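**Q** Sending over a structure as structure tokens; questions will come in a sec.
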Amino acid sequence: MSLIWVVLGLILLVVGGEFLVRASVSLSFKFNISKLVIGMTVVSFATSAPELLVSLQAALDGSPDIALGNVIGSNIANIGLVLGLTAIITPLTISEDFYKLNWPMMMLLSIALYFLLKSGNILDFKEGLLLFLSLIVFLYVLIKRSKNKNVESIEEVDDSLQKTSNFKLILWLLIGGFSLYFGSEWLVQGAKEMATSFGVSERVISVTMVAIGTSVPELAASVIAALKQEKAISLGNLIGSNIFNIASVLGLTAMVHPIKLDNPQILSNDIFWMLGFAFILIPFMLLPKKFEIGRLKGFVILTAYSMFIIFAFLSEK
């Protein structure tokens, strides 16, 4: 039954996330917000809503390991699973913004998360606010740089949503809201039951199965695009997702409810895997072929992710 709750929860989260993105973009158009700002802020916040609801629900339910593990595991999966598998299918090029802005910000937030948790074994309101404010500053710099480069729009924004009726907008918001609420509740409930039935901690289930589940939309979109030889999801998008996971998901969750570190392995093991996957992208960028993540590099990344999954379960023995 626990697996059914997890699967149903993930389905509702995917559906809810899609409807929320559509509703958010449509609403932004009605307020005459530019496509550039919509794509870099509204879409990004709405896309991270499933992870936010899962972490928030877990924190409120007294399962902080799921709240933390969901984010840390998702960040690992975005690089190890999504990037690794996509690069095996088709090489990914690395843009200038990646190593000048996106990657440094991801590393800075990852290191900051480690020290914030290490200092008191808890993320409280002030620390959550600090993380969230850092995201606001990052977005401001990102938008300013894009405007200076005369980037007027981005691909993620669907122009057809400008003509959305008020009725459809309200309907999308209701469907998205209810789906995200019940999806997060069922996923957290299923994860807790699954941890009990497997005889492992909630931390193991959250950094592996829950994290993979919440990364499925990015994985599916990337693999399908790669197989069709279309433009796969960019490295910048994956890194941006990791930035939002820490600064927005954990930041906002901690502002609503403190996240206590219960399982020390999150700090002594999982965060270092997250830092390792983030760090390895720079030397990979400098190796031949430069500024490209090709099949061999993708295979190495995917193999490392497989090792992480194995060690996560073995660490409980």
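These residue numbers are counts, starting from 1, taken along the chain as shown.
Here the Cβ of each residue, glycine as well, is placed from N, Cα and C on the backbone.
What TrEMBL lists as domain 'Sodium/calcium exchanger membrane region' is 2-143, 169-313. The transmembrane segment feature in TrEMBL is assigned to 66-89, 101-117, 129-146, 167-184, 204-227, 239-259, 271-287, 299-315.
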**Q** State the residues, same chain only, that lie 6 or more residues beyond the ends of the transmembrane segment (101-117) and have a CB under 8 A from a CB inside it; answer 'none' if no residue qualifies.
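**A** Non-local partners: 68, 75, 123, 127, 130-131, 134, 138, 141-142, 145, 236, 239-240, 242-243, 246-247, 250, 261, 266-267, 271, 274-275, 278-279, 281-282.
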**Q** Rank 66-89, 129-146, 204-227, 299-315 by Cβ pairs under 8 Å to the transmembrane segment (271-287) and hand me the top one.
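**A** The listed stretch sharing the most Cβ pairs with the transmembrane segment (271-287) is 66-89.
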